[in-house]
Structure formats: structure tokens, C-alpha cells
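Novice: Sharing a structure with you now.
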Amino acid sequence: MAEIKPAEISAILRKQVEGFESGATLEEVGTVLQVGDGIARVYGLSNVQYGELVEFDNGMEGIVLNLEEDNVGVVLLGPSTGIKEGSTAKRTQRIASLKVGEQMVGRVVNTLGFPIDGKGPIGGDLYEMPLERKAPGVIFRQPVTEPLQTGVKAVDAMIPVGRGQRELVIGDRQTGKSTVCIDTILNQKEFYDAGKPVFCIYVAIGQKASTVAGIAKMLEEKGAMAYTVIVAANASDPAPMQVYAPFAGAAIGEYFRDSGRPALIVYDDLSKQAVAYREVSLLLRRPPGREAYPGDVFYLHSRLLERACKVIADDGIAKNMNDLPESIKPIVKGGGSLTALPIIETQAGDVSAYIPTNVISITDGQIFLDGDLFNSGVRPAINVGISVSRVGGNAQIKSMKKVSGTLKLDQAQFRELEAFAKFGSDLDSVTLNVIEKGKRNVEILKQGLNDPYTVENQVAIIYAGSKNLLRNVPVEKVKEFEADFLAYLNSKHKDTLNALKAGKLDDSITDVIEKAAKEISAKYN
């Protein structure tokens, strides 16, 4: 048996003691005073910051939204089961963030960036992006000059949207607001196939889970999930998750924007986010304002929508952008853009309510969808009179700008005369001509569900309409004429369409279009 040497043992013990480090870490811990309705009041976190994440003893996290004299109000990011009076809550010294990466594309995630589509965890390189972030300053932006093709004829012709713009889609329920935005996402497939993808983020706020599943399935079938991320905070999710879902979507969009690529984000819809924010604010006992919304509901939407912009093309300047997250600094490039299409639901067409007027004043224009037009069969039901794009005109391609120049005015004139014509039948030939042309243009601007048009097809058919080349085609045959006309151009004159796509519109091109229209319209005489 080996002899035990005390000197060796004491040397080993001394070595162990010298290498020992105290594992005690200081944590600031508070106690839950009250919990319920997704809100916890915590006592003892005297140094906690506004917007900081707090972790409860069951692993649940919450965001500090109220700092009061003797306690803090924390909104819970999940169910409150397992948190009770007397539970502990500790500071994390982090703000709410989510991990974003290339492999997030094609997935359905929740507000915290965790996948909820049952396809396993998100792999690849992930970058931490904060939910709340300051919008880029004026120095880091440039004007909107590139078009974002929506594939919707009425929008691309009369209310054009540019990359980096915020264009509000507003209307009553069931007037096709989501459809306009989803068609825009579907239309980006053309750019994805050409190797210049516009990454799309669809944020579903307070919708039924079945509706979101239906949208995801449809995008999958049409091949659009290859460049789309869906962020879902369903109707059954806690109000804080619905409030922060748009911020999560914006953070994902900023990842693409700041790495020099174009992105498009749809917020469907911000009315539900405002309602969820009102619920959270009232539970936190903040004083209510107009329509019981809190005083900072304008700021909620403005700080979200200001994050959509066109970033300056200079990489050197872009790398110094204000409030850049540390994680993405190595991959920052200039020239990216984030285009926002927020949706707002109105009650009985009242655009002058609180939330609609707020968002109208924040955005760069609005597309107003009219229930009466929708019910009369004009779909998309865009009311051209009060729809406007404040910056998109500079982003239209030249050929579209030329053909659609008078279209908006013509249609407004037609609507006015149409109402007048109901009272009298003896109209002069000029008025009759305006009405007949207007009726055909209304038919041209109609479009099927999930059926976006390429820009060259749009320019060709709108040229035919604005030059009154369809005057001999009966109104009920216009859609038939359109299908024949575009099929003829696509099979016989592909080069003409390619020239239109490149923005050219000269006499040789218009001659081809006019001859084709004459030839096809002869069938309908």
C-alpha cells in the first residue's frame, strides 16, 4: 500500500485554494407584488431601465414599461402561469431583441423570433437585432428613386410606390386591403427569379391562426415563401406580443436593409396593434386620451414607420449609421431599402378617426379602398380621388410615367361626369366620350385575386386605354380584349414589351401597340 505523504496533500490543497475563484455574482432581484392580465408589478428593481428585459424565476421574460416611485410595471412576453405574488424577478441588463439570419427566410416566427411552423430551429449565422431602434438620421438616407412594382395596375399607374417609401393601405373591413399587399409580395417573385430578390416580411397582428396558416400556404404554393418571412402574433397571443410584433418585423427588415438589399414589410394591421397597446397602457394605469388610447400612440406608430427608408448608397457613410447593432457592423452595406405598407382598418369609411389620421400624417401617401366600389365589382376597389403617393412619382419608370400621366385626372373627371349623367340623358358628344372612355378604363384597371401583372403588360394595356384604342370594344368585352391583346404582344412582339420594361416609349413602340390594338379590337365590332 502506497504511503500517504502529508506534504504532497497540503501542496495539492494549497494549489486548489490558490486557484479558487469566488463564484458569487451580484444580481439585482425584485419581488412580484401583483400579477394578472399579462402585467406584473415588481418591487425592488430600483436601477432597472425603461425597456429592459426582466427574467422571472420560471424563465419567463417581460419588458419594463412603467417606472414608478415604489414599483415597476412589467409586460409579460407570454402566459403568466407560474408567476405569482412573491415570485422573484431579476434584471438582465439587456433590451428585447431577436436573432435574425438568412435562414429565417421561408419561416413563420413569433414576436421573439422563435419559429412556430414546426420545421425545427433556425440555423446558419444569426445576428442579434434589437426590437426597438432609432430610425436612420437624415445624413444616412437618400431620396426614393427606384420603383417597387406592386403588380396592381391601379397602384403602379396612379399611386406608384418607390423603394424606401411608406404607403398606407386604408379601408373598411373586407375591402381587399390584405389582398393588395399580398399581391405586392407575390409580384416580387419576378425579381427573385431574376436573382435580385426583394425580401418580404408579412407581419400578422391579432389575426386568427387559421387565416395566417392560409396565407402561409398560399405564399408557399405560389413560390413566394422563398423570399418571405411571416411574423405572427395571433389573436390568442398576449397583448404585449401583438404590440411588439411590428417591431420584430421591422428588425428583420432592417437586417436586409442594412446589408444593402431591398426589403418590403407589410403590417397587417396597425389598428389591431393600437388596440393591443391601448389594452396594455390601460392595464398599466396610464392616463387615457382620445378614444381611450394613451397619449403616446402617435409615437408608437411614428417610431415604427420611420424605420422604413432608402439608405444612402455610400458604404463608408452607411457603416457609421446611428444606432447600428454591434452584431451586424461587419456586414453593413449602403444602398439598401425598407419599404413599408402599413394597413389600417376604418369604421364605415371614417378616415378622420384618431388612428387613421395619425398614420396618414406619418406615411408618404395612402391607398384608400372603398366598400361601395368593392361591392359594385370594381376590384381592387381603389378610390382614386383620395388616394395619393407623395414621393412615388419620382420612382416610376419613364414608360409608365408617360402613359399614366393623364389617367388619374381622366378617371376623376369620369367619376364626376358619371354622377352628373344619371340625371340627364341628352349629353353632348365630348361628355359622352369621356364617360365611355372612363368605363373602359375602369374595366382595364380591374384585376383578379392574386394575379399581379408585370410592368410591361401594365404599360401596354394602360396605353391602349388612355389613347382610347378600345372605343369600339363593348364594355363587357374589355377583359376578354385585354387577355387577347396581351397574349398577342407576348407571342409576337416580345421585344416591344422588353423595351417598355426598360422604360422606353417611342413612336416605333406605340405604332406596334396601336396596330395590335386595332387588329384585336376588330374582332369585337
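Cβ coordinates come from backbone N, Cα and C, glycine included.
Relevant sequence annotations retrieved from Swiss-Prot are reproduced here:
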BINDING   GLY171, ASP172, ARG173, GLN174, THR175, GLY176, LYS177, SER178  ATP binding site
SITE      SER387  site 'Required for activity'
Novice: List the other residues in this chain whose Cβ sits within 8 Å of the Cβ centroid of the ATP site residues GLY171, ASP172, ARG173, GLN174, THR175, GLY176, LYS177, SER178, in sequence order.
Specialist: GLU345, LEU369, GLY371, PHE374
Novice: Distance between ASP172 (ATP binding site) and SER387 (site 'Required for activity') at the Cα atoms, whole Å?
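Specialist: Rounded to a whole number, the Cα-Cα distance is 14 Å.
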Novice: Cα of GLN174 (ATP binding site) to Cα of SER387 (site 'Required for activity'): how many Å, rounded?
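Specialist: Spelling it out, the Cα of GLN174 (ATP binding site) and the Cα of SER387 (site 'Required for activity') are 18 Å apart.
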Novice: To the nearest whole angstrom, state the Cα distance for the pair THR175 (ATP binding site) and SER387 (site 'Required for activity').
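Specialist: Each residue's Cα considered, THR175 (ATP binding site) and SER387 (site 'Required for activity') end up 15 Å apart.
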Novice: For LYS177 (ATP binding site), write down the residues of its own chain that are at least 6 apart in sequence and whose Cβ falls under 8 Å from its Cβ; none is a fine answer.
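Specialist: VAL169, ILE170, GLY171, ASP268, ASP269, ILE343, GLU345, LEU369 - these are the non-local Cβ neighbours of LYS177 (ATP binding site), listed in sequence order.
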Novice: Here the binding-site residues are GLY171, GLY176; which one has the lowest number of other Cβ atoms no more than 10 Å from its Cβ?
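Specialist: Comparing Cβ neighbour counts within 10 Å for the binding-site residues GLY171, GLY176 gives GLY176.
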Novice: Would you mind reading off the Cα separation of SER178 (ATP binding site) from SER387 (site 'Required for activity'), to the nearest angstrom?
Specialist: 17
Novice: Output, ordered by sequence, the same-chain residues six or more apart from ARG173 (ATP binding site) with a CB under 8 Å from its CB, or 'none'.
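Specialist: Within the chain, ARG173 (ATP binding site) has Cβ neighbours under 8 Å at GLU345.
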Novice: Relative to the Cβ of SER387 (site 'Required for activity'), which residues of the same chain, six or more apart in sequence, are found under 8 Å away?
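Specialist: Set apart from SER387 (site 'Required for activity') by at least 6 residues yet with Cβ under 8 Å, we have MET158, ILE159, GLY365, GLN366, ILE367, PHE368.
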Novice: What's the most sparsely packed of the binding-site residues GLN174, THR175, counting other C-beta atoms within 10 A?
Specialist: GLN174
Novice: Three-state secondary structure of GLN174 (ATP binding site) from DSSP?
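Specialist: It is coil.
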Novice: By the DSSP assignment reduced to helix, strand and coil, which category contains SER387 (site 'Required for activity')?
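Specialist: Its secondary structure by DSSP: coil.
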Novice: For ASP172 (ATP binding site), list the number of other Cβ atoms lying within 10 Å of its Cβ atom.
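Specialist: Excluding its own Cβ, the number within 10 Å is 18.
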